[in-house]
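Enquirer: TrEMBL lists 424 with the feature active site, proton acceptor. If you look up TrEMBL, you'll see 138, 177 marked as FAD binding site. Annotated domain 'Acyl-coenzyme A oxidase N-terminal' per TrEMBL: 17-132, in sequence order. Taken from TrEMBL, the feature domain 'Acyl-CoA oxidase C-alpha1' covers 278-439. Summarising the annotation, TrEMBL assigns domain 'Acyl-CoA oxidase C-terminal' to 480-656.
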Ligand SMILES: CC/C=C\C/C=C\C/C=C\C/C=C\C/C=C\C/C=C/C(=O)SCCNC(=O)CCNC(=O)[C@H](O)C(C)(C)COP(=O)(O)OP(=O)(O)OC[C@H]1O[C@@H](n2cnc3c(N)ncnc32)[C@H](O)[C@@H]1OP(=O)(O)O
Ligand SMILES: Cc1cc2nc3c(=O)[nH]c(=O)nc-3n(C[C@H](O)[C@H](O)[C@H](O)COP(=O)(O)OP(=O)(O)OC[C@H]3O[C@@H](n4cnc5c(N)ncnc54)[C@H](O)[C@@H]3O)c2cc1C
């Protein structure tokens, strides 16, 4: 039975078509209908319920995840779900598991780096889950430095096999998800050695466990690396440790799209660049950007709904107290996060398009935009995951004390999400890659090479170094060209200044190391420009639905002007804007917060999250927070008995002791 909607008064204030916004958020009507159907399917299936999982011990938790993964697979087969539908279903199950790595990395690695024959052999097995794969790259001693990996794959021409070996403790594979207890196979990254010569790191398909009894193949040692941050959270995943003692695999199990090893052990390079070995990481980084908006939107949905329910202070004549969402401080913390969720959504959409474009070009042997694709995926992965992890924590604080309760859903969301700042490339290491790309682009300007794509603005560097921001009133900050120019000028000036400083060093690598902290700042400025410009591009599209474009405009300017405020040092020190213009930007920001305020609840409703997916008492759709929070508390195992276990052993004797001391 549907209860009272405690947020109805908020929903009545809405000034735009929420259903139309749901489609904008989903990306298309098709995506909306499909994801909506899958979300409801999962939410209505008792086998997928999530209550109480934070209270499970590791073994129970893990077994519970296995049960859900098996049930999801059963439903996928029974309902003949397409690959797209199955992906949504797994997403709404909302529990990290070995299937993420199987579908998210093992399959893409074979698709991206395997030859046609390898794909024909391995993909059908993987698609039917007759084998389960993981992605074993990182080792105990090296993660960021992929070229520093120590596992070896030595070709034995006598038997036409590779010998996979872990020569040191630090060469133990360490971290791969799904590896610890489930995977039967892995893409193992190892140094290729043929005829006594090294040929860099390559991927190999290696069987790890028997397909009959799941025992490790003799010579393989494998297990879980232990508990991770937070209760429940990422502990549903069996991140693993793996060592090889001279394991033999057939030659045709090396992924050979980039480099082939012949029967004689000769290495033959194909026409694709060596960097394609890193292709799976580019793919996954792109999916991580799309996922960032999803996680951020969850946190923002919880904090926004709760901020409208929660009241503190301000009661006059015994009337209602103020909803905390009406405090300007709450708005200035919350609304930029709401705007970021939308901004990341659209940049994620664009990045998906870029990735598809690169993939098609690669198939046609056009590798020209690979460096840009790498810089964009690396930089945006770093920017969006850092911002999202910080935002989830900010949302917890925005919910006051109740945000700290697991029932708010925020602690678990944070614990699951925060490793995204590390996996698929530490966020600082990735920004340094962007910096290399930017410095290379700037250094080539003199030679007449015209920058394209996301760095095209650097082609106008002379203008951008001189331009003066054309803002006289707060309203001027609502012009796309003004905002864009301010961000372009800031990024261009930071890049040029860093490049000039670098040129003072005799050895560029020394300079790069010395100036790395400054370089990272330039990368951030460049990536923020990309997000702002893709949001502005989105506004130029024909977006149907009453008032939808207006709301998106407000969000876009909140996103941009809040960054301007936060990074004011950059904008002022590079002379892009004056202090007076910065102050006008702040005036505009406050006005935008007031305009967003009546639409805030509808803007989070547009995410279309079910209560099951949100998993938060504070974020419930109906806003019925207090009775449910009260109810939830009584479910805690400590409340199973009125007098706790341990009373007789520890509390009672202490009390008696005090009584005796008092009598003395
Ligand atoms: C909670 C999850 C819930 C649901 C999931 C839902 C769906 C599932 C989807 C996916 C699964 C997602 C998440 C699952 C969770 C976790 C999985 C985690 C997996 C991992 O972490 S795998 C391991 C990832 N490891 C890294 O990312 C390592 C980072 N290091 C590197 O990338 C490189 O080593 C580094 C830093 C780039 C340095 O490379 P190198 O040593 O070769 O040095 P150079 O700097 O000299 O570079 C040389 C040259 O190559 C260019 N280049 C570098 N990288 C790339 C690339 N990737 N693509 C293209 N080009 C690249 C570089 O620019 C240089 O070019 P130049 O010579 O200057 O022209
Ligand atoms: C939850 C989780 C799941 C994972 N899943 C997988 C998986 O499925 N498969 C897999 O292969 N791996 C996986 N990993 C490993 C992950 O990819 C690595 O941990 C990650 O790439 C970071 O590498 P690292 O641990 O070596 O960090 P380090 O490089 O040791 O980082 C430590 C510190 O050093 C700094 N640093 C490092 N290099 C530089 C530099 N050149 N300049 C400046 N600062 C630097 C970093 O910024 C960081 O602050 C996973 C990790 C986690 C946490």
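Even glycines carry a Cβ here, placed using N, Cα and C.
Annotations in TrEMBL come from automatic prediction, not curation.
Help me see these features in their spatial surroundings.
Expert: The secondary structure of residue 424 (active site, proton acceptor), as reduced to three states from DSSP, is coil rather than helix or strand. Of all Cβ atoms in the shown protein chains, 23 besides its own fall within 10 Å of the Cβ of residue 424 (active site, proton acceptor).
In the three-state DSSP scheme, residue 138 (FAD binding site) falls into the coil class. Taking Cβ-Cβ distances under 8 Å and a sequence gap of 6 or more within the same chain, the neighbours of residue 138 (FAD binding site) are 173, 174, 175, 176.
For the domain 'Acyl-coenzyme A oxidase N-terminal' (17-132), the number of residues in each DSSP class (helix H, G, I; strand E, B; coil) is 90 helix, 0 strand, 26 coil.
Mean per-residue pLDDT, taken over the domain 'Acyl-CoA oxidase C-alpha1' (278-439), amounts to 96.
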Enquirer: Are there any residues in the same chain, six or more apart in sequence, whose C-beta is under 8 angstroms from the C-beta of residue 177 (FAD binding site), and if so which?
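Expert: Residue 177 (FAD binding site) has long-range Cβ partners 96, 98, 100, 101, 134, 135, 237, 238, 239, 240.
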Enquirer: Quick one: what's DSSP say for residue 177 (FAD binding site), helix, strand or coil?
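Expert: Reduced to three states, the DSSP call for residue 177 (FAD binding site) is coil.
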